[in-house]
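Listed in Swiss-Prot for this protein:
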BINDING   Gln86, Gly104, Glu105, Gly106, Lys107, Thr108, Asp493  ATP binding site
REGION    853-896  region 'Disordered'
COMPBIAS  880-896  compositional bias 'Low complexity'
BINDING   Cys880, Cys882, Cys891, Cys892  Zn(2+) binding site
Amino acid sequence: MVLGILRNLLDDNARDIKKLSRQVEAINALEPEIQALSDSDLQAKTPEFRRRLERGETLDELLPEAFAVVREASRRVLGMRHFDVQLMGGIVLHQGRIAEMKTGEGKTLVATLPAYLNALTGRGVHIVTVNDYLARRDSEWMGRIYRFLGLKVGLIVHGLDAAERREAYNADVTYGTNNEFGFDYLRDNMALHPEEMVQRELNYAIVDEVDSILIDEARTPLIISGMAEKPTEMYYTVAAIIPRLQPNIDYNVDEKAKVATLTEAGVAKVEKMLGVDNLYDDANMELAHHVNQALKAHTLMKRDRDYVVKDGQVIIVDEFTGRLMFGRRYSEGLHQAIEAKEGVKIERESQTLATITFQNFFRMYDKLAGMTGTAATEEEEFRKIYNLDVVVIPTNKPMIRKDYPDVVYRTEKGKFEAVVEEIRERHAKGQPVLVGTISIEKSERLSEMLKKRGIPHQVLNAKYHEKEAEIIAQAGRLGAVTIATNMAGRGTDIILGGNPEALAKEKMRQKGYSPEIIAAATAIKVDEGDPEVMAARQDYQQFLAAARRETEEEHRRVVELGGLHIIGTERHESRRIDNQLRGRAGRQGDPGSSRFYVSLEDDLMRLFGSDNLTGILDRLGMDDSTPIDHPLVSRSLEQAQKKVEAHNFDIRKHVLEYDDVMNKQREIIYRQRREVLTGADIRPTIEDMIKTVVDQTVDRFAGESKYPEEWDLAGLLDYAEQLFLPGCDREALANAIKEMEKEEVYGFLREKAMEAYRQREEELGPETLREIERLILLRVVDTKWMDHLDAMDQLRQGIGLRAYGQQDPLVAYKFEAYQMFNDMIASIQEDVVRYLYRVKVVQPQAERPRQVVENRYAGEASGPRQPVRREHKVGRNDPCPCGSGKKYKKCCGAGK
């Protein structure tokens with residue numbers, strides 16, 4: 001059965017490649033004709049293609065010629081000609097699919113083909129990378145092709161102001177990170193004026209390292225938040241009592257599910273220490289939450305594995321890359337609980353203002369495509385969640401890397417000793433070795449062992465920056481030993497013998513040249529009129545010639561030694577991450593090899609491996625230093641990985657099912673908010689709101705009765721005066737209503753409310769009133785949406801308990817979320833009407849600056865991943881967020 005499915009998938013892929021080959025032949029047939037064009041004729045192709053699109057030609061019809069033009073432009077500007085397999089990858093991306101291309105096959109260059117073709121429509125193309133360094137590098141490097149062909153290139157990175165962002169989004173091709181694109185979408189949907197918005201429509205996105213962004217980061221919510229008014233003392237109080245609890249008596253820990261729970265004895269002990277009668281009483285809900293988070297912080301969150309303490313701050317370690325995630329924070333008070341545990345200053349909790357997950361953000365694009373070296377293992381998830389097919393593109397040259405079988409040891413100590421011994425043997429020969437670890441803790445342990453043996457090496461496990469890319473680029477040099485967390489330096493090729501261009505640029509930096517001069521001097525086309533650039537160019541060429549002589553000799557020797565050798569010190573939960581590590585070797589037909597070392601004490605085997613395994617090995621009498629070669633071990637390893645992959649897929653699918661409910665609500669609110677922001681006249685909307693509020697007020701106080709004498713007339717008049725009839729003649733109204741039927745009352749009060757509304761319009765003037773209406777509506781919607789997000793979050797946290805009452809939690813969540821959404825809409829209408837009839841016009845305030853500080857939160861692996869947070873504070877002189885029209889310091893901020 002499984003073999004049949006696999007055969008079908010392979011057959012499908014072979015059919016795809018055959019079709020793609022025919023399109024590649026059509027592109028290649030145009031090459032002589034395109035090569036014969038002058039630079040100006042080649043550049044004139046862009047306006048010609050645009051005219052042809054206007055006349056009705058499709059992008060698919062333009063594809064062969066457009067791809068041929070990009071290939072020729074790349075050859076002239078960068079000195080790089082797209083291979084046939086790169087053309088195939090480009091076609092797949094244009095079709096809105098995922099191209100799986102092995103490491104070193106030039107994915108960065110592939111993206112230029114569909115990006116150019118789709119940019120011809122004028123609707124914009126977003127190329128999404130995993131970090132600012134790659135976005136900046138690719139926009140400068142590949143940007144030369146687009147600029148040569150007359151397209152504008154934009155770059156979205158952290159630190160740009162609104163005008164710079166708008167300009168970057170208005171470019172034909174925009175490079176940026178997934179976080180920046182997502183945050184700009186959220187900020188645009190919090191804008192109070194159309195000119196504050198920066199993004200255009202979400203037309204076409206090409207996601208580089210698509211598996212990292214759409215799978216690994218899938219559960220990461222992007223969150224814009226403001227400071228919540230919550231005290232921090234309770235965190236310290238609770239942190240002090242947790243160490244006094246005893247494991248397995250007062251609490252139990254399930255590492256596999258990543259859950260820690262108090263036993264009945266533990267609850268009683270905590271209640272006694274905190275001086276409360278019932279920890280789970282309604283009045284103590286917040287206290288119970290503090291206790292649960294503190295327990296998690298002390299038992300499940302490990303220092304130097306999940307986080308580090310640096311300069312008095314708790315900094316999260318990315319579980320996939322091992323990098324320090326500066327600015328990210330765990331959510332729901334977990335980060336504060338860890339800060340209390342470690343005795344550092346506690347930062348205040350935040351309140352969510354706007355949020356979206358990457359899953360839902362990227363599904364909003366009209367067309368989505370991606371590329372990666374490893375996607376086939378997650379093909380089912382890409383298809384089910386994102387409706388994306390995966391096409392495996394063949395390598396340009398045959399893959400000759402040797403992947404050796406895993407070596408399994410009984411203990412971690414025995415495993416690491418064997419790893420160090422293999423590194424020593426290969427280093428002694430001069431063969432470069434790249435060692436992948438899964439945590440900072442493990443990489444530092446291995447580094448200490450290598451130091452004791454006198455083996456020189458580089459360790460990479462910090463925040464991504466250019467230096468890391470350079471070290472990774474030189475990891476193929478003779479005798480190099482590099483220890484890196486599994487994905488550090490992703491996006492940078494390891495060239496056997498070393499990278500001569502990088503070595504030459506390093507020499508120029510040492511000589512004191514600025515980054516701008518280095519970039520100008522190393523370009524294919526140089527400004528010959530600039531003497532400083534020409535002098536730098538001369539130095540670069542000398543350094544490059546010397547570096548080439550050095551690296552060519554090293555390349556020859558490294559190839560003879562078998563190329564780069566990869567050592568994995570532990571199997572990751574996902575086979576895909578293991579394949580990424582392996583993929584660092586054997587690029588572009590180079591030789592290479594890989595081997596994984598595993599111990600039965602590794603988390604994967606300990607938590608998900610076969611329970612029978614240890615007993616069998618005990619009976620066999622295996623010692624720590626003897627590798628285990630048994631089919632049961634290999635089988636157990638593979639089953640453990642499949643088990644975890646299936647478990648993680650189920651979690652992501654489950655999260656999406658819940659998030660889809662919120663997503664539909666978000667789409668409605670943001671769509672209507674955008675209409676208010678950009679629409680010419682919102683008077684009809686306001687009139688509808690007034691009529692709805694009048695009708696709801698009558699229904700609330702009249703109930704089912706048709707007769708006024710049975711109504712709560714005093715309540716009705718109080719509410720009407722409060723909302724839409726300020727300063728009304730209550731006695732006259734009461735007398736009039738007593739003589740009417742219920743249906744007449746609706747019409748009577750509507751007319752009275754509209755009369756008061758028209759009076760407001762005369763007082764303030766139509767133009768002023770429209771602007772006031774717009775601001776009130778936006779402010780009220782934002783405030784209510786913020787409260788709704790908190791309420792939905794609380795509903796979500798507690799909904800799982802419905803299963804105990806034989807209720808499907810998802811069905812219950814959908815039903816209650818729908819009710820809450822309707823209540824929010826009614827509340828928005830009431831508040832808008834109330835403010836509208838009472839607002840006073842004050843002098844306009846200076847436009848407030850956007851103060852946005854990045855601050856991310858993350859949940860444990862079984863819940864949502866680390867949300868990426870950005871915060872902003874209301875300035876004392878800003879308009880108050882409540883919509884009153886007063887300054888914050890004279891309204892809700894009084895006395896603060």
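Placement of Cβ uses the backbone N, Cα and C atoms for every residue, glycine included.
Each of Met101, Thr103, Leu109, Val110 belongs to the same chain as Gln86, Gly104, Glu105, Gly106, Lys107, Thr108, Asp493, is absent from that list, and has a C-beta within 8 angstroms of the C-beta centroid marking the ATP site. Residues Gln86, Gly104, Glu105, Gly106, Lys107, Thr108, Asp493 are recorded as binding ATP; their most distant pair of Cα atoms lies 16 Å apart.
Long-range Cβ contacts of Asp493 (ATP binding site) within its own chain (separation 6+, distance under 8 Å): Thr103, Gly104, Ala473, Asn499, Arg587. Neighbour counts were taken as the number of other C-beta atoms within 10 angstroms of each residue's C-beta; across the binding-site residues Gln86, Thr108, the minimum falls on Thr108.
Counting Cβ atoms from all protein chains shown, Lys107 (ATP binding site) has 24 others lying within 10 Å of its own Cβ. Taking each of the binding-site residues Gly104, Gly106 in turn and counting other Cβ atoms within 10 Å of its Cβ gives the largest count for Gly104. Other Cβ atoms within 10 Å of the Cβ of Glu105 (ATP binding site), summed over all protein chains shown, number 25.
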